[in-house]
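The block underneath contains the structure these notes are about, expressed in structure tokens.
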Amino acid sequence: MSNKINIGLFGLGCVGRGVYSNIQKFYSDQINIKKICIKHPGKHTDINSELLTTDASEVLEDSSIDLVIELIDNGAEATALIAQSLRSGKDVISANKAAIANSLRFFIDLQNQTGKTLLYEGAVAGAVPVIRLLESHYANEKITGLEGIVNGSTNYLLSKLRLDKLTFDDALAQAQSNGFAESDPSLDIDGWDAGYKLIILAAHAFGDTLSIEEVQRTTFSEFLEQAPDLSKPWKCIAKVNNEGENLELSIDFKEEPIASQFTSVEYELNAIKVHSAIAGTNMLYGSGAGANATASAVLSDLFQWKKGFRYDYSKFYQRKEYLKKLQGIPA
Ligand SMILES: NC(=O)C1=CN([C@@H]2O[C@H](COP(=O)(O)OP(=O)(O)OC[C@H]3O[C@@H](n4cnc5c(N)ncnc54)[C@H](OP(=O)(O)O)[C@@H]3O)[C@@H](O)[C@H]2O)C=CC1
Ligand SMILES: N[C@@H](CC=O)C(=O)O
């Protein structure tokens, strides 16, 4: 009897294909792709047509599918698919930061109600394992600050403008053809993508969920309107300010000093600094966007899931206790 993991895949674009091809290459003895749900079958004539469907219920109602991997490019549709999967008794891995950030409280409740697991390491900073690090290494240590470069496309644009002297339009076209940019690139250049990622990081680091409207965003156009000297190392920095009772989240362009560690983070690479009470500062650095970077995180989630890993969101409990203390309420 085969003890392969049966998965159902939603989406076969840049990331979906990264996951599909890496499973074929490295894990076909352990993972069986049972069904792939897509939108336009005509785009996927290279894939065995028996695997493909446009009907989500062929995944959701297949009791032999243990795990759903959700990799579509529409946040609202992804939210519905994740919720339906959890409710149909399936665990889920997603890389959809819009869906996760907009509905995180709902998904935490749904995991508690169904006993099912949702993992989403690929939603933030590609292959950089930051969510799992916040959940495990920092579970009991107070995090005092967090900042980083979390959008590969804007970082790619800034590097291309500064180092390779490309025009904005040419640089954006390259970010799109490399698969770094979202299918709607305004999500990257207007700071939405970085905002969603920062909301997810803030939840796992500080135990609160903010809405995207609460994130202060500077768009790439607003940055360029200030006529910055593009020969300088500008970086788009996502930052959580956690002084006081409320978290403040911002996405802003900063000219980094030459000696700053962020200055050497170029093109689609990402970096995140975590400041904490005992460790001081740790910086994570690595591939932030693209098919393989994200597939690596998705597949890592899959093998963690197999071992029973789930997020325990311990910072939410710690934040409640912290707020009680601030308000003078005894524990
Ligand atoms: N690109 C990257 O570097 C990263 C992307 N992500 C996230 O991963 C997700 C996928 O991104 P990416 O692969 O780049 O996107 P693409 O635009 O390349 O692919 C999207 C895929 O979703 C499919 N799709 C859309 N709607 C549906 C639906 N309702 N049901 C089934 N399939 C559907 C499309 O089908 P069809 O092909 O038939 O049109 C397509 O295969 C997004 O949430 C993105 O934010 C996360 C980290 C990095
Ligand atoms: N569009 C995103 C893709 C990865 O999350 C980015 O540019 O970082």
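Cβ coordinates are placed from backbone N, Cα and C, and glycine is handled just like the others.
According to TrEMBL:
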DOMAIN    11-121  domain 'Aspartate/homoserine dehydrogenase NAD-binding'
BINDING   G11, L12, G13, C14, V15, G16  NADP(+) binding site
BINDING   K97  NADPH binding site
DOMAIN    129-302  domain 'Homoserine dehydrogenase catalytic'
BINDING   E182  L-homoserine binding site
ACT_SITE  K197  active site, proton donor
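Location within the structure of each feature annotated in TrEMBL.
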| residue | record | DSSP class |
| --- | --- | --- |
| G11 | NADP(+) binding site | coil |
| G16 | NADP(+) binding site | helix |
| K97 | NADPH binding site | helix |
| E182 | L-homoserine binding site | coil |
| K197 | active site, proton donor | helix |
All chains considered, the count of other Cβ atoms within 10 Å of the Cβ of K97 (NADPH binding site) is 27
Taking ligand 2 as the reference, state which of the recorded positions G11, L12, G13, C14, G16, K197 have a Cβ closer than 6 Å to one of its atoms.
none
Around the NADP(+) site recorded as G11, L12, G13, C14, V15, G16, what other same-chain residues have a C-beta within 8 angstroms of the site's C-beta center?
R17, G18, V19, L71, I72, D73
Suppose we screen the recorded positions L12, C14, V15, K197 by Cβ distance to ligand 1 with a cut-off under 6 Å; which survive, in sequence order?
L12, C14, V15
Given a separation of at least six residues and a C-beta threshold under 8 Å, show me what packs close to G11 (NADP(+) binding site) in the same chain.
C37, I38, E70, L71, I72, D73
Rounded to the nearest Å - Cα separation of G16 (NADP(+) binding site) and K197 (active site, proton donor)
19
Spatially, which candidate from the recorded positions K97, E182, K197 is nearest to G13 (NADP(+) binding site), comparing Cα atoms?
E182
Smallest number of other CB atoms within 10 Å: among the recorded positions G13, V15, E182, K197, that is G13
In chain order, residues whose C-beta lies under 8 angstroms from the C-beta of C14 (NADP(+) binding site), counting only those at least six residues away in the same chain, are G179, G290, A291, T294
